[in-house]
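First the structure, in the form of structure tokens, and then the observations on it.
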Amino acid sequence: MEASKVIHAIYTDDDVLMNAVKKVKAERHHIEEIYTPFPVHGLDKAMGLEPTRIAIAAFMYGCVGLTVAIVMMNFIMIEDWPQNIGGKPSFSYIENMPAFVPIMFELTVFFAAHLMVITFYLRSRMWPFKKAENPDPRTTDDHFLMEIAVNGNENELSELLKETGAVEINLIDKEH
Amino acid sequence: MYTFSSKLKSVAIGLMIIGAIGVAYGFFSSHKDFAQVEEMLASESHHGDGHGETANHHEAEADDSHAVDHAQGTEHAHDEVTHAVAPVHGEHAEVDEHTKHVNHVMHAMHNRPWSALYVAAFFFFMIALGVLAFYAVQYAAQAGWSPLLLRVMEGITAYMLPGALIVLGIAALSHYVGHNNIFVWMNPDMVDPSSEHYDKLVAGKKGWLNVGMFILRGLIFIGGWFLYRYFSRKFSIAQDKANDDKNFKKTFRISAAFLVFFLYTESMMSWDWIMSVDPHWFSTLFGWYVLAGMMVCGITVISMITIYLKSKGYLPRVNDSHIHDLAKFMFAFSIFWTYLWFSQFMLIWYSNIPEEVTYFVTRFQDYQLPFLGMVAMNFVFPLLVLMNSDYKRIPWFVIMAGIVILCGHYIDIFNMIMPATVGDQWSIGIPEIFSMLFFAGLFIFIVFTALTKAPLTPERNPFLKESEHFHY
């Protein structure tokens, strides 16, 4: 449920932010988003975010790369035109395999790395002409911003956030 | 303080006794004389009339000369048994050929218990030396995660000195007591131009490969390693009681110096103690390759002993993340080992220069299962098992992976030594298994005795606090 009104609480210290997150979570408020200028270690755990599955995706992409390499070289070097090149045995794939290993390795890494990066871009919706979603330019420099949905409890929320050490609390109407 | 549980102690002593009995049996049963070997070969060839077939089957893709040699040998054995000794046989060449073959097999059989003992001794020594190098790296890199494990490493490195002396001792005894059963170049006939065993290639290397220098070099290597181990241990214990970090700084300095010394001596040690079993063959990255195997085994043993001690409640401050880090090292060094193994293999396979490639030809033909099985055990298995981050924190998972890695690296050493000494007469039977049991017992006994000598946590290590809060 997308709330139409949100509170932006701004912090200037990551430790304060971490404590604030824990407190807000303890009070069972839903944190929509947090904007930070740099990775804050442990923030994902404090927010209760699910662990990323990108490593699993990368493993599968690597398997795809390995398969591509094997199928490609088996077709080209063994099946399509098995020439005698410098006496290398091209009778079967396994016989000439050591010569193919460097390519098998590189293609595995290539597929795993590139497809993982592309997956990351897609999942985090990043592309060259994307409009920046930054609510406050200071969050790219030295401020931390916590966005919390408001469901008619703004006063109570403001009190709570003030207690946690927020330096600024803004009520934002999301429906521009 | 750790106390050596009496149960473990009796296990260790039991292993040593059983192992010693097996080793002794291996030596007694290998003393077959010419006639016995001849008979054995003859009876082998009698099995089924399709003797040619069996020989072919055994030697599936044996290298030509050997296959011919063997086939002829058995064939002649077949003939010769009926003719017994026939000096006026007419075909002297055949008799010579036959005698040569029987002698060859007989020597291989005599070599087997020596080689089995040597492989096992080297395997356990290499664990201790690998741990010593890893330990020096921890100090030189000022690692913050590992100080809680330093005492475990010190315990393991206690085996380095006796282990290394045993390896060198077996090598020397094989010359003085045995009949140069491990290193053929130790045979003085090989460098004597008037002898029928004269070998020009080996003679060309006698400046490096001679028994006196071999032992002297070995003692220098061992001496240097021992001095580092002695002083780092001494400073480490002194640091517990000190009120400044002077001892730590001293260890830092000697660790850096030791690592330089170690990399040179480890490389030369691997030429001397392993590569020289094939004195015609050489490889430039051999020292690194041995080093990689050493490090994997060392780190694996560190994690196994750490998990064991933690399960007994002796290392309360060691947490999941330490195990995770060790498992990462096991994983990464397994891949590093594979990288070097493959680099060595692929370069030689690719260029296929006869003088180098025989090394892999014999391994690939006579040792196909261990040769390829070890790649599965040392690479594929750890790669798939230890890739997942969560699994690296599960103790039994790490132990399981560790057992496979250790077995795989035993086979690695086996593959380095055996083809040169016993050739196609290899097997993993009583001499091999009981040698392993004997040294396993000795290793456990020495390591766990050393662990009782000092508190298991190095108090006042400057990085101790960081290590306690280590969290990945």
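Heads up, the Cβ atoms here are built off N, Cα and C, so glycines get one too.
TrEMBL does not curate its annotations; it predicts them automatically.
Annotation comment: TrEMBL describes B:12-28, B:116-137, B:158-177, B:208-231, B:252-274, B:286-309, B:329-349, B:369-387, B:394-413, B:433-451 as transmembrane segment. The region 'Disordered' feature in TrEMBL is assigned to B:42-78. For B:44-78, the entry in TrEMBL reads compositional bias 'Basic and acidic residues'.
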Contact call for the transmembrane segment (B:252-274) and the transmembrane segment (B:116-137): at least 3 Cβ pairs under 8 Å, seq gap 6+: yes
Contact between the transmembrane segment (B:286-309) and the transmembrane segment (B:158-177) (at least 3 Cβ pairs under 8 Å, separation 6+): no
Other parts of the chain folded back onto the transmembrane segment (B:329-349), taken as Cβ under 8 Å at six or more residues beyond its ends: 283, 285-286, 288-289, 292-293, 295-296, 299-300, 303, 356-357, 359-360, 375, 378-379, 382-383, 386-387, 392, 398, 401-402, 405, 412
Most Cβ pairs under 8 Å with the transmembrane segment (B:116-137), selected from B:12-28, B:208-231, B:369-387, B:394-413: B:394-413
Most Cβ pairs under 8 Å with the transmembrane segment (B:394-413), selected from B:12-28, B:158-177, B:208-231, B:369-387: B:369-387
Considering the transmembrane segment (B:208-231), which listed stretch of B:12-28, B:158-177, B:369-387 counts the most C-beta pairs under 8 Å: B:158-177
Contact set, same chain, for the transmembrane segment (B:158-177): CB under 8 Å, 6 or more residues outside the stretch: 114, 117-118, 121-122, 124-125, 127-129, 131-132, 183, 186, 211, 214-215, 218-219, 221-222, 225-226, 229, 273, 439, 442-443, 446-447, 449-450
